[in-house]
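For reference, the structure discussed in these notes is given below.
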Amino acid sequence: MASGGGNNRNGTHRNSLKGTTTTSAASTDKPLSVNSNPSKPAFKNKSSPLTGASSGLRKSSPGSLGGGAAKDDAGVPGRVRVAVRLRPRNAEESVADADFADCVELQPELKRLKLRKNNWDTDTYEFDEVLTEFASQKRVYEVAAKPVVEGVLDGYNGTIMAYGQTGTGKTYTLGRLGEEDTANRGIMVRAMEDILAEVSPEIDSVLVSYLQLYMESLQDLLDPTNDNISIVEEPKSGDVSLPGATLVEIRDQQSFLELLRLGEAHRHAANTKLNTESSRSHALLMVHVKRTVKGREPAHSSDNGNSTSMARSLRPPLVRKGKLVVVDLAGSERIDKSGSDGHTREEAKSINLSLSALGKCINALAENSAHVPVRDSKLTRLLRDSFGGTARTSLVITVGPSPRHRGETASTIMFGQRAMKVENMLKLKEEFDYKSLARRLDIQLDKLIMEHERKQKAFEVEIERITAEAQNRISEAERNYADAVEKERLKYQKDYMESIKKLEEKWMMNQQNQGNERKEQMVHIAEEVAEVKKLLSKETSLRKAAEEEVDNLKSQLAQLKMSEALANSEILKLQKMVEDEVCQKEKLEGEISMLQSQLLHLSFEADETRKRLDRGGPGKVPGGLDSPVSQVRSQLKDSGNGEKASVAKLFEQVGLQKILSLLEAEDADVRIHAVKVVANLAAEETNQQKIVEAGGLKSLLMLLGSSEDETIHRVAAGAIANLAMNEKNQELIMSQGGISLLSTTASHAKDPQTLRMVAGAIANLCGNDKLQTKLRGEGGIKALLEIVKCGHPDVLAQVARGIANFAKCESRASTQGSKTGRSLLIEDGALPWIVQNANSDASPIRRHTELALCHLAQHEVNAKDMISEGALWELVRISQDCPREDIRTLAHRTLASSPDFIAGLKRLRIDY
Ligand code: ADP
Ligand code: MG
């Protein structure tokens, strides 16, 4: 590794200091201070720069514990520490260089090294530690190695490396075993002493590998057959491991020394075999320290110190894994590439490859270059963590004093200077040891299972014992109980026997006393017994007979019951049949009455139709020739008197009562049919009496009041009119409020036929002499005068007839002298209507009014009114023009006999 470090080789003390100071300022934790404590060498105790950094690490470590080594925390900055060690002149140098001064001058208190350029000029370099030729091995260990070893024990990786020209004391510094003099023990031995002093052999482990790297081949110094060990890098963590290397667990210093000796012997043998020197190869000692952290809660524990022992036992132990790598590098001197030392040019290149690669990496790191060619050699791959990685690295550069090797010395110094600029990020390798926790728990579990089994067994034995004991106790108690019972039983038996005996004795005594009396009684009793026996046998025979009788009766009863049951079922059957019959009958009756009413209706319709046919033409017949009415009519025509005969037959078959009852039927159609039938019957004089007697008149009057159906009103009024032809019936109609019912019906009527019927009925009533006053009093005349408003000639004819009837009765009463006052017709204002219609075109109207006027004129008291209302003219006309002779004569006679009329005629100048 050529220095080529012209850039860093400063000509002045000042310049070189400046450069170094810059480096110091860049490092935050760099404890090195040129002036801080000159009297106290910085490396002497734990406050030394490297140790100081170590304390700093310890403080910061809890913060980086969380995820253990795997966690990608930032780590703590830690620059590569570089110490320079000067070998004393050896015998040869003492002789050969006797006249020359050393090429280096050390200022350990200032941590400076002066390299003589020539007799008058030097370059000054500052290092972390400057170790003179007098520095003891112990001191070298303490300042250059101990902080790193302590770091490894705390869970950091560490590297201690010696660099320098062959023969300058690298192996002396690192590898001396100190067998001849323990004071000469080198760093490896001392490091292991410190490690073994710190670890606990039960829970911690120290594993060692020892290797040699020569011409890019990695050989196992603990197993010489293994001469091509591969390097495995874990891509995630960047950790380097050598799975093929022998790992020896170290438990004591002695075994370690033996291991080193063995390794050294193998190294020597290998080098002989390869025809090389150990100075051409790199020796690497790797110490893996795994320590369990005692008495410290993990930083992320959340139970605030209240953890139970259970929780504690379930917590995996925290382990720290530190790896110490001690590297005794090959000599840094330039290899003669001419092949003069027995190597070919290619071999020379290969021998130096790793070292020159290391130099390049350090240069790149020192200059913060983006690319660090770590992968260029096996050495740089192996030391990846030591430079620019996470390890704490301490480099000892060894120089000789001889001016003859000034060039190599300068190159070594420049290597050290550049290495000082390399900044590492120290990281704690701490993790939870789940495996050991699992092991521990397994052991604990085994113990518990065993303990449980033991207890279980003891428990079962105890149960068995208790069961046996209980069984014993139970059987003993049972025995005791049986004994006691037996005893008790015997005692009672004995008592019982004794009392029986006593009673028997007593009884015997009593028997003897009573013996004599008894004999007499016995005879008497024997007689009585014989008597009783006789009675008994008699009773028995009687009883037997009675029992036979009872049996007999019982069997009869059973028979009767049977026949009764039969009869009952028969009765039930018959009842059912009767009910069915009744049902059937009711149904049939209903149907019959329906049919009857329909038939009656048809008959009525037929009758009506027939009448109309008789009266007018066929045009008045409603419906076509095919209608049922027309059919009936045709049948009636065919059969002549058959229709009347059929109504009469019906009357016979159904009975008047039944027909009248239908007037109150719920079905409106039935009511209508019934009233038509009744009306039809009432038209026959022979039936009228029967209808009235059966209450038909009353029902018809009621229908006028209760029904709102105009057809019913019309037909009922017609029927009433027919019935009102009979004098007796007229009184009945009047006494049952007929006038008011008829006038109400008239006031609601819309059909002139209804009014005709009502007017006809009233007209009939008007003809009764006895009812004049009552009829007038109940509004009969007024009702007639209301009816005339309809104007229908048929109606007016009926009204006229009524008025004529009334006037005739009045005139009869006046003649007889039972009536004296003015006519009630005039009183009720009927005169104007009479006068008005006296000359009507309709002959029935004219005839009745003419008659009425004549009757009114019979009585002198009416004359004045008649004259004033213009009746005189009508009377004159009647006396001359009336086609009926009797009326004509009556009018004439009246005019001629009445003084008022004669005066009136005179006054009106009517020539009569
Ligand atoms: P290197 O390993 O660098 O090639 P060595 O350690 O083999 O050098 O040292 C070469 C010689 O110098 C050895 O004989 C060694 O005993 C001696 N030597 C080296 N350093 C010292 C020292 N500090 N004090 C006394 N002798 C030393
Ligand atoms: Mg050596």
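Quick reminder: no glycine exception, Cβ is built from N, Cα and C everywhere.
Unlike curated entries, TrEMBL annotations are predicted automatically.
Keep in mind that this is a model prediction, so the values were computed, not measured.
When TrEMBL is compared with the stretches 215-253, 449-487, 488-526, the one noted as coiled coil is 449-487.
For the recorded site, GLY164 (ATP binding site), the DSSP three-state label reads strand.
Not one of the binding-site residues GLN165, THR168, GLY169 has a CB under 6 Å from ligand 2.
On its own chain, GLY164 (ATP binding site) has LYS170, LEU329, GLY331, SER332, ILE397, THR398, VAL399, THR412 as residues at least 6 apart in sequence with a Cβ closer than 8 Å to its own Cβ. There are 27 other CB atoms within 10 A of the CB of THR168 (ATP binding site), with all protein chains counted. Sparsest Cβ environment among the binding-site residues GLY167, GLY169 (other Cβ atoms counted within 10 Å): GLY167.
Taking the mean position of the Cβ atoms of GLY164, GLN165, THR166, GLY167, THR168, GLY169, LYS170, THR171 as the ATP site, the remaining same-chain residues with a Cβ inside 8 Å of that point are ARG87, ALA162, TYR172, SER279, GLY331, THR398, GLY400. For the domain 'Kinesin motor' (79-422), the model's pLDDT averages out at 90.
Among the binding-site residues GLN165, GLY167, THR171, residues whose Cβ is positioned under 6 Å from ligand 1 are identified as GLY167, THR171. The Cβ of THR171 (ATP binding site) has 18 neighbouring Cβ atoms from other residues within 10 Å, across all protein chains displayed. Same-chain residues at least 6 positions away in sequence with a Cβ under 8 Å from that of THR166 (ATP binding site) are, in sequence order, GLU277, SER279, ALA330, GLY331, SER332, GLU333.
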